[in-house]
């Protein structure tokens, strides 16, 4: 199983290193015979001798083309002859490529920016993560001492925790009497002990949570300061920290550094990405948070160190559990795309598609288009019309079906052969013409991207079929990861067409796909309404909610399935409308804002939920009660009564103060805040009293009654004394409770002023409610 590749230099020449696991053992293979190259298109082949004479300087040595050969390729499906130019060393290419490109006889150069080790994987047909080797994993985490205003890594590391299949342990240099804690004499000894643990356990995978941007850099800097050689690589190297866009990325040679943070950011949508929030979202269990100031206080006073050690141990354990959860999917993506898991786990979906296409282009002898320069990038920023959205029908509706197109955009790309190499192609016998935009796509041959996409969807169906047939739970899970990886990649192709930095960028393709998408959903809506008596309540891009007013649940379900048979017989190619769900009740507010409840009483909301921590418990609780009243009981008037009751209790100071606490996180050093929100004002007052505040600290506060700015009236919750303080009822009504429910009740004709307890007027409710069945 290939874990990764890189290259080193011996006697001025590159040597590819292949890090792999074979028969349970780690090994490194070497290849000294792979040469770097680029392609050049010449106006006249006779100019090749002039091109071979071009020289450049690199670190005091002269760089030139060492040999050239003429090769037949395809470019966007059309035959082309280019020159393959070979060089001595990969770094020769950036040194000389501009000079070659600027030569008058050169039309253009190609594939000059593909990293050498990645090029090797493509050309040799090698697939990382292929095979059934069992990989050893080890997660680690650090706790540090930080004081405001300090430079990064100025404070010591207090604890290093690690976890693997054998359990979790903590290394520290203060005496803590717990069975999973190993105590050493100094910070230096702690780092050395950790390095020894890694060497002895010899994991194939090191798992971190934001290790790219914190743990490794901190450890490396402290090691330098303390005179420790921070050796973690299997061939005796230190971790390599490199910039990747606006972030950093850390490589450990011979081991896969699997940083969960970018993977989880790409995979799931959460209001906050703390380790605690992620763990609760994935596993449904809360995890205790110990804040930086608490850690500092415990370390400096010696009180509460056991709690900090337990927290540190749990951090490593949770990171390990999350790693086990997410690693198999990334391994499948790595196999699918053909690049290392280290790269894939840090890639956007657009980059995943690009690496997949580069490999397939090589296999099909296609020359890859170049990435855009700055001028071309600016030109590509033009927008185009997106998917169809039908504005929602207001009111409370019952017996609702949700129908959507299976893989709408991939299906359109394949069905209509939407590809840069088929776009407006001359001399074709048959074309598909995109509605509204008029772009033509040749149907005489399968386009490069539609054919690849077709293969992917076909493979996914085979995997799903195999998954259904197998009774082995482990095999079933692996097959599920495979089909999900294929789905992620397949669903990214449409977005890739419109991705400005893409090699196979094609605005005409992207806007044609959305044009066909709009046509299909609009036609489908018209058919279900005119021929089957449905009313479509809300539609967005590839699906819609619909009901038959006055009909019972069984009638709606039966007619929906009849419609599916009817419409799918008419849809071309791979296009297929599917029955996705039935909801006994629902309402739709505006685009991407709705709430529905299924037959098991499970409520699904989109765009309405308040999950950020800067909403108080009273706001969240009131919104949940309002949703239940409307969706479970079908009673909008009851929902309004709930809001009036809560606002009345707030006005009369009958709400427990713990339900009014607002939590907000400090995200930068206090001195860097230009605007002073309530949480910043409270944090500054705490800091002035000597309490340690750092980025990541969560401030819990309550707003008091009085005049002046909110920030001046916000105090830490633990200072709130009901005998001395009164909360600002008006603030909580106007800024917490009403905003949480107003967006829901607006769908039934209510305005904010209609919801306060002292208001009695109601707005024509009957006009908004639909007949129940």
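Including glycine, each Cβ sits where the backbone N, Cα and C put it.
When secondary structure is read from DSSP and collapsed to three states, residue 442 (disulfide bond) falls in the strand class. Within the same chain, residues at least six positions away from residue 442 (disulfide bond) with a Cβ under 8 Å of its Cβ are 417, 422, 425, 428, 430, 431. Summarising the annotation, Swiss-Prot assigns disulfide bond to 428-442 (among others).
Annotation comment: Swiss-Prot describes 506-509 (among others) as disulfide bond, evidence class experimental evidence. The C-beta environment of residue 506 (disulfide bond), restricted to residues of the same chain at least 6 apart in sequence and closer than 8 Å, consists of 419, 420, 423, 497.
Each of the disulfide-bonded residues 428, 509 was ranked by the number of other C-beta atoms within 10 Å, and first place falls to 509.
According to its DSSP assignment, residue 509 (disulfide bond) is helical.
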